[in-house]
Each structure stands twice: as structure tokens, then as C-alpha cells.
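As annotated by TrEMBL, domain 'FtsX extracellular' applies to A:62-148. Here TrEMBL flags A:185-307 as domain 'ABC3 transporter permease C-terminal'. Under the heading transmembrane segment, TrEMBL lists A:26-47, A:185-210, A:231-257, A:277-301.
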Amino acid sequence: MFSNFITNLKRIIFFGWQSLSRNKGLSFGVIFIMSVAVLLITSLFLFQGFSEFLISEAQKKVDISVYFKKNITPEKIFAVESDLRQTFPKVENIEYISQEKALEIFKEKHKDDTLYLDALKEVGDNPFLASLNIKTNDPNIYSQISNFLGREPTEDLIEKVSYYQNKKVIDKLFSFTNNMKKGGIVLSVILALLIALITFNTVKLTIGSFKEEISTMRLVGASNWFIRGPFLIQGLLYGIISVLIVDIVLFSVLYFLNPKLGNWFLDFNLLNYFKTNFFLLVSVQFIFSVILGVFSSFIAVHRYLKI
Amino acid sequence: MIKFKNVTKIYCSVNSEQITALENVSFDIQPKEFVSIVGKSGAGKTTLIKLLMGEEKLTSGEIFFDGINVSKIKPKELQELRRRIGVVFQDYKLLPTKTVYENVSYVMQVIGTSDIDIKRDIPQVLEMVGLDQRAFNFPCELSGGEQQRLAIARALIHRPEVIIADEPTGNLDVYNTFEIVNLLKKIHNFGTTIILATHDKTIVDSLKKRVIALNEGKLIRDDHNGNFIF
């Protein structure tokens, strides 16, 4: 019984491979369409990585600065910093900038601009305030931090909080990045469905050309699985070959063009992202293409197994 | 062995017109018989074969094969029944992407024959039908007569109890026709039941075997040592 199963399985696998290699024109057509489908899925995957990179870059640029009144000692500022760290564990970094350091930074930034430096000399005294520069991983807590700083007794120590000045820009940026994430997902799903449908129809048309053969196989007594099996193997092989083609081509393109692509993708390293996420990417590609190939073949053959 | 009992088959055309292909046909075929089913084109010969193979559903009546009611058979049992019958189709129905050798071996692979048995039997059968030199050619590279002989090789390779030949000489010249008929006679001599559907008077008269005549779907004559007469 088991040896019969193994013999049949070997024959089915052989027939699948034989049909693929003998019907080169048809196989080429299906593999081409499926490769396009896999390439699009891969592009969506890379786009997702790129958009995450953009969002994270944008978020890095956002921070909140708290300026303390002139007479506030560094100890009191450090106490506020410690309170902030305890209350908001998601705070990634808090940087203390003393009055002196703020002056240094200003001078360094405008060292070639005599107008600013002259203006500073006019003022005479150090006009800058000590501040805390706060960055978080979660942009949603900026408003909570701002509320926390607005409460007694911290409120009395603070001259101003930059969040209120940048609030509009920050809110717009986060609403844009959120929409970009959601839009990306919706677009990816629509595109994936569209590609799946096109590939399914291509496989269906290809198997349709075997209609007569399938009916002959039925008439000589072949079981449904003996007929269906080779087509499923073919679907599986189409998927595997498409993934191999796409990955080899994509790797070669990225390998040779990566330095030039960096300029287009705002320093996002596509090759590095491809290599780092290679196993996840290949898994996604295989699951997509193999399911698509095997499922399309199954449905297409099923229509002709009723004779 | 095979029993047709009041078999009627009515087809519905596209414009809902009813076409009676077979009407109340009854007859029996015994094991090892050689039966010719004759009649003009459209008399119902092919329908009769399609019903026996389970390719078409009956409108009424019953067909039995070795006690199995073909009209009520389950799909899995139908495939097992088909393995007991070898069919030579009028249009050959060869597998175009398989070679001569593979077309014949496919039937053996379907029934689970071992590779050793396949390698032993196929050269013998191909030699018997005169295709031993064509084993690795594809059907499109064969002549009409060769294709028909391949169809016969495929039908007999697994030693079925019955071989049905539907107009096996319809597309052939006189020389090939008699080659095929002689082949069928040879297979019959080995003890296989043969059902030959044909409208070729010369063949039927030369056989001197049982003749069942159909006309417009009705059985009009069943002669046990017959000639082609209407």
C-alpha cells in the first residue's frame, strides 16, 4: 500500500516536471506572468521597508524642547529629567543642554555668519536658556509629556515648551505617516489581489489547453489525483522557478546599482534591507507564489475532471 | 458479461429540442464474444459506447458490466471499471505530449503496474502492433494507421477483459483497415471480448461474427452469424 503510494507519487512528480519541460512555450508564459506577480509582491515588501524607513526618519526629526527659566539650577532640571524618565518609560532620550552649551552650539552653527555673531556681541550676556531635549519612540506621548510639564510644580520652572509651537507640524506629520501606513496596506492588498487574479487566469487558460488530454486520462481509468497531481506539481514548480528568477535578478540589480539607488531612495540601503530580510522575503514570496500556483492549478483542473 | 436493458438516451439540443440517440435498446454480450455494432452515422453506435464507459448518463434503462450497474456507479468505481475496458477511440485520443512508449505505459502506470513489468510488456505489445521502431516518436510524428495501431496497443496493454473499438478504421486506407481488423482478430483469439462499432460493410462481412444493427437509435437486428444487412 505504502510502496504503491510512493510509486504513484514518484510518477506524479515526474509527469509534472515532464509536462513543464515539454510544453516550453506555455510554461514560459506562466512563469513570466508569475515572475511579474512575485516581483510586484517583492516591490510591495521593499516599499513597506522604505516607507517604514521614511516614517522613522521623519519621527527622528521630531522632538520636544523644554526651556527653563534663567535662574533654575541644573539640579532642579535633572530632577525634572528623572521625573520624566520615570513617568514615561517610552522616552528614548533626554538630552540636557546647559546655557553655555546652547551658546556654543549657536556659535558653531553660525560661525561663518558675522551678522548673527555681531548680534550676539551686541546682546553681551548669554541670551540662551538651559533646556531638555526629549525624543520618544512613540510620537503619541508628546502631548502627554507636554501636559505633564504644564502641571505644578514643574510649570513654575519652565519658560516655554517647543511642542506648542510645533504642534501643528508634528500632528500633520504623524497623521501623514499614519495615512501612509494605512494607504500602503490597502494598496498592497488591492495590488496583490489583482496580481493573483491575473496569474490565476493565466494558469487556468494554460490548463484549459490540456482539456482533451485530461478527458483522455479519465477515459483510460486514471484517478482524479493521478491526473490532478502533475498539474499541482507544475504549479509548485512555476512558483519556485518564479521566486528564483525574481530573487536572482533583483539581487544582481541591487548589487550593481545600490550606490546609485541610494540617491533616489534618500540613503535607504535597499541591498542591505534585502539581505537583512532575505529569509522573511523568500518565505513571503514562496507562500504567495506556491499557494497561487497550486491553488490555481487545482481549481482549473477540477473543471475538467467531471467526464 | 455486458447487459443493456431498455436503454434510452435523449439529448437536449441548444434550442431545447429533444434528440433521441437510443430508444429502448436491450441486448447481452457474453465473455470472449466478438460483436460488431453496425449502423449509419448517427445511428447511436458511439452513444452506446459512451454510455457503457460512463461518459454519458442514461435517460432511462440500465447497463450492467459484470453485475455492476454502470448507471448507478460511484465516480471512484467508474474509474476502476474503465481500467477493465480498453477503448480504441475513433479520434484516437492519444496524449500528444507523450511518446508512443509513454502513451502505452501511462495506462499501466494508472493501474499501478511496476516499472519492471512495464519495461517487459511494452516492447512486446509495440512489436505486435508494428510500432517497435517508433517507440520514442510523438503521436504527431506518426501516420494515421500508426496512430490507430498505437491506440490499439494502449487499449490492450493492461490485458482488459473487453476491448471496444469505435470506428477504428474510419480514417484509414484499405491496407491499414485490414491490418487493424487482423489485429483485433488476433486479440480476440487470446480470449478478449471485442466490441467493434463500424459502418464498414466489408469488414463486418469478412468477420462472420455476431452483428447488432442500429438504425435511428433503435436495435433493428441481432444476428449471431451475421452480415451487414439493413
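Glycine is no exception: its Cβ is also placed from the backbone N, Cα and C atoms.
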On the DSSP side of things, how many residues of the domain 'ABC3 transporter permease C-terminal' (A:185-307) fall into helix, strand and coil, could you say? 106 helix, 0 strand, 17 coil
Per Cβ pairs under 8 Å, the stretch of A:26-47, A:231-257, A:277-301 packing most closely against the transmembrane segment (A:185-210): A:26-47
Residues of the parent chain within Cβ reach of the transmembrane segment (A:26-47), under 8 Å, 6 or more residues beyond its termini: 20, 184, 187-188, 191-192, 195-196, 198-199, 202-203, 206, 209, 234, 238-239, 241-243, 245-246, 250, 270, 273-274, 277, 281, 284-285, 288-289, 292-293
